[in-house]
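The block underneath contains the structure these notes are about, expressed in structure tokens.
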């Protein structure tokens, strides 16, 4: 358009119609430019939106189906960074910066070509300038890339401290550590701002050198134009001088945008790493689904089971474990350390995949079925009582499959609610059951707070039991006994378990060794191996048994012996 304007200014219009033709053509060029910019913007934003949608859905699906081990070794702050900063880069930054980079690339070539057509010797000068710009650009890109990495690496500790502070806010205030936590946050913010401040100083360093080299280019163009003052038209000389100043800006932003786009693509690489990480087994295996009523007996058969965090058998947590648990048996898991017990539970739910061996429930190899079919048929009740942030209803029936009558029934069965008339439920004797009197649930829409924080540990466990009863997945139940419960709460939980899971197969991780006499069998682990598996009476009467040694070390052997005599 500048060339066309120059031609119009030099043309001595003879008629008004010819003059109007120049105006109309110039107007047409303006409209074409606007249309091209509009189309480019639409393509840019539609492409960015589609790319960000696909990346976000892929990232979300990948994290949701990641194995449990991923969450054990990956900091929450890192996961938050992928969904916040990295996705923000994909959503709002990368498309714009790529577009800007392309503009600067075409701008540099366009300016060099235009000036070169006016001054052919500029092509030789531009090659020398390009070599110098390339040298400066390499230094800048290397430094700025490292500074941006330092800035990105210093961001997750801020998120990590923030989440830790929120989780332990009550403890921090109780010990008066507010100022110390603030100082830690200030230090981490300073660590984050140092590379950021240095990066902007690096940008100034680049700007000074680009401007200095560009000044020499402009001087070269000016001297060349003066030498050809009688050959080159004044309008073309003006275009060359004008374009020489814009060349500086194009080169400067070309170097900056090259680094920025490179860093933004690293955000995409980090997201792709999450999308390509190992996933859990499929939820449903259509060709290998268990029967609808599975498990009917909940008999567990384990053969030569080995589990390791790596593929090496030398680092195995479980070593050649084999045992049978028959239908309706109550089994306690004990050992010197807790690794083997929780590793076995992880294998039963396929949170971790063994490197050897098999687990069968009612003859069905759990490795052949989908994890949804497996986990929806068995129950795990943790010592903390995992609850969702929400109401009683949303925790008992998150998918809205049951009516209020069914919800009140299970709440009454676990002693968390008492209906006005127990006869309506056919349990007249339930009126005499011990209840959690302090917090009897009277409203299904009662807000339980974040992760059920408004309930005690006992109440959360009872609510988890109620959820299992409602879902009717009580054939095989794995229970981790809660810690530090008062005797009344322990009595209520044990009473509910004994009554509701009387015919179920129970695998229990007891909090106290004193409780092992309450179970049919005891499974004793040591250094990854199953060393003993028999009734508590047999193991305690057996000379030099590991269970006897553990009980003697805990100082409860005599009381257990007395309890066994009373039971027998």
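Placed from the backbone N, Cα and C atoms, the Cβ positions cover glycine too.
A TrEMBL annotation is a machine prediction, not a hand-curated record.
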Per TrEMBL record, range annotated transmembrane segment [choices 2-22, 23-43]:
23-43
Candidate ranges 234-255, 256-277, 278-299 [criterion: TrEMBL lists as transmembrane segment]
234-255
Candidate ranges 72-93, 94-115, 160-181 [criterion: TrEMBL lists as transmembrane segment]
94-115
Any residues 6+ beyond the ends of the transmembrane segment (122-141) with a Cβ under 8 Å from its own?
112, 115-116, 202, 205-206, 209-210, 213, 217, 220-221, 224, 251, 255, 258-259, 262
In the same chain, residues at least 6 away from the ends of the transmembrane segment (234-255) whose Cβ sits under 8 Å of its Cβ atoms read 2-3, 6, 9-10, 100-101, 104-105, 107-108, 111-112, 114-115, 118-119, 133, 136-137, 140-141, 206-207, 210-211, 214, 217-218, 221-222, 225
